[in-house]
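Below: one structure, written as structure tokens.
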Amino acid sequence: MRLIEMDSTALSALLGLSLVGFIAPLLWFQARDNRRASEYLAVFVLIVGVSLLQTFLLHSGLTRRYPWVSGLGQFLFFALGPLLFLYTKTLTDREFKFSGNVAWHFLPVLFSLLLYLPVYLQTTEAKQAAAELYFAQHVSAQDQAYQLAVLPMASKIYAIQFVALMFHLGSYAVLVLWQLEKHRRRIELVFSDIELINLNWLRWLNWLVLAVSLISLVFLMLRLFSQDPVSSGGRVVPVLVMFLLIYYAGWMGVRQPQIYGTQANSSDPGVEGGDSESKYHNTGLSAADAEKHWQRLQHAMDEEQPYLRSGLTIKQLADTLGMSTAHLSQVINSRAQVTFFDYINSQRVAYAQRLLANPDHKQRKVLDIALSSGFSSESSFYAQFRKHAQCTPSQYRRQLQTQR
């Protein structure tokens, strides 16, 4: 018997492990201001790598030859959800620091270890039998019931752990999505360009985690109640999903810039979330002063056109107008009924529409007009143009041509 049997699943897991070996150190040692967040993501990638290692050991025949490696690191999977939460929290809240108040998120890791101890301590014969059961061909419902009776401890503990893990991971994915929505609302009060800091990639990553959790539960049900064995192709799919997860998280995590490099202090009333009445309760801005600030803002938009400055923040605009960020935020939110982000970009779109309508600019490329209007990229220009003009720049040009 060969020491290692490389089937397609084992080979896929080995490729995934090589990716982990490249991505995790890259995240851990990158020299950035958000290094702590990158360290959380590096540990997340490493733990996904533990799952790939388990898959490789099982499908290469090493688990059957060396049963003591069975299930090693299984309890660590309950750290995946908290690590995603800590990564998101560290990126989006610069005041956040790891402390005993958040350490409780990792209690399920300890509970999982205690629950899994009987499996670690069972005999070599029992571990070998569990491995053989995984690879069993043509397992009927009656045989499954018998084997579950023969191997009650390992099977039941694994089932409990797996179901609990999927619910745990799915719950944290929902929690992170909620945190990201709060983050989006908060940065729209401060920044006019959010393409690089809105963390949309992290939102998609958590949707993927949530989908994997639900699909894995369905997969387990099919495994328990179907009389047909899981095909080799079906075993490769989870490995490929983990490979995608590692690559996407690692690549986007390495590219993620610092969010709070130029942001106003988060304690400023002008950058806090919440409803308008409570948010501006203590700003001390009277109705008369609010009207003066609004008129000053509109005059600046018409004459000085500060929105043409790419990357404009609310603090920069407030300094230009000679008012506090809290007062400027209150004026925009109460008078224009939009966030700073939407207000500035609506001004940019209106300016771009004037350029597109001007015959002197009909030969200019869309990207050139986008940059001239204050947008930092063509993609953000298209997104905001569709949002405020209900059409693309090209469609707007064609509409103007048909009207002439």
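Keep in mind that glycine also has a Cβ here, set from the backbone N, Cα and C atoms.
Keep in mind that TrEMBL annotations are predicted by a computer and have not been checked by a curator.
The feature domain 'HTH araC/xylS-type' is assigned by TrEMBL to 295-399. Summarised as a single figure, the pLDDT of the domain 'HTH araC/xylS-type' (295-399) averages 93.
The list of residues near the transmembrane segment (12-29) in space but at least 6 beyond its ends in sequence, with Cβ under 8 angstroms from a Cβ of it, reads 6, 38-39, 41-42, 45-46, 48-49, 52-53, 55-56, 59, 236, 239-240, 242-243, 246-247, 249-251, 253-254. Summarising the annotation, TrEMBL assigns transmembrane segment to 12-29 (among others).
The feature transmembrane segment is assigned by TrEMBL to 41-62 (among others).
Annotation comment: TrEMBL describes 68-86 (among others) as transmembrane segment.
The annotation transmembrane segment is assigned in TrEMBL to 98-117 (among others).
Among the features that TrEMBL reports, transmembrane segment is placed at 157-180 (among others).
Sequence-distant contacts of the transmembrane segment (201-224) (same chain, at least 6 residues past either end, Cβ-Cβ under 8 Å): 80, 84, 87-88, 91, 144, 159, 162-163, 166-167, 169-170, 172-174, 176-177, 180, 230, 234, 238, 241, 244-245, 248-249, 252, 256. Per TrEMBL, the feature transmembrane segment maps to 201-224 (among others).
Feature annotation from TrEMBL assigns transmembrane segment to 236-254 (among others). Sequence-distant contacts of the transmembrane segment (236-254) (same chain, six or more residues past either end, CB-CB distance under 8 Å): 8-9, 12-13, 15-16, 19-20, 22-24, 26-27, 30, 38, 41, 44-45, 48-49, 51-52, 55, 87, 201-202, 204-205, 208-209, 212, 216, 219.
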Hey, which bits of the same chain come close to the transmembrane segment (98-117), Cβ under 8 Å, at least six residues off its ends?
36, 71, 74-79, 81-82, 85-86, 89, 157, 160-161, 164-165, 168
